[in-house]
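Report on one structure; see the data block that follows.
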Amino acid sequence: MYLQLLKSLNRLHPRAWDFVQLSRMDRPIGIYLLLWPTLSAVWIAGNGSPTLANVLIFGLGVVLMRAAGCCINDFADRKVDGHVKRTADRPLASGRVRPREALTLFAILVGVSFLLVLCTNSRTVWLSFGAVALAFCYPFMKRYTYYPQVVLGAAYSWGIPMAFTAAGGELPAGAWLLYIANLLWTVGYDTYYAMVDRDDDLKIGVKSTAILFGDADRSIILTLQLLSLGCLLLAGSRFDLGGWFHLGLLGAAACFAWEYWSTRKLDRESCFKAFLHNHWAGMLVFIGVVLDYALR
């Protein structure tokens, strides 16, 4: 139903679907992976009772900035996506969207996101420039470093300190623990994603942690995920989160164990499924946060 609704936009403009695909609105997994930790931070920063305004600002901001990130990512990769089986049919790589159009859509999405941030406070507004810089830089990092996933992790985690400054203007140590936890988690699941394209990336010279980690990939991913859970546990103690939160962490740990087991053959399909599966881990942690505050 969701996809049919998006495809119906072609009735308004014959090229609407091309721009839906460019912004990946037809593939909401990236929204989920960014949304759950951001909302968890909004809830914790609001001590379990966030304002409706902050929930809407950060919820819509996630959707818009993820779409903007996809636009600039495809712009940066437009000359290499055609050489990768999974990405050859993307709008820019296939010529359905022009580079200038992708940059225009990126600017529009960032502009609307900035209007949302203006509804918060000055400190959050200043932090938002870091979010834009990281979103813009990430796709170009694949040419120069084997750690583009770390830059993505920094970008995907930037909403966490912004959620705290929007709620009260302060950045407690626990907020940075949440930030580090999410960064580690993002590096882990995006390495699974990079493992899908590893053979193609080696041929065309694109760098990633999947290439860097080599045969130790799954073990390093699991280590990153466990470190992420450790940081969440420490953050939870600082924010007095208890049983329900810990239950959410156990659920996430079970997800990580399944991902490690299911990718033992290192085939593309299982690695991609493991990447998608991280959505459930993030959701379980968020549910744990919400229930821990709601059932006190």
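Glycine residues also receive a Cβ, built from the backbone N, Cα and C atoms like all the rest.
Feature annotation from Swiss-Prot assigns transmembrane segment to 28-48, 52-72, 102-122, 145-167, 174-196, 219-239, 241-261, 275-295.
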Fill in: the transmembrane segment (174-196) touching the transmembrane segment (275-295) per 3+ Cβ pairs under 8 Å rule
yes
Discussion item. Should anything in the same chain at least six residues away from the transmembrane segment (102-122) have a Cβ under 8 Å from its Cβ atoms, list it; otherwise answer none.
Written reply: 19, 22-23, 53-54, 57, 60-61, 64-65, 67-68, 71-72, 74-75, 78, 91-92, 128, 132, 135, 162, 165-166, 169
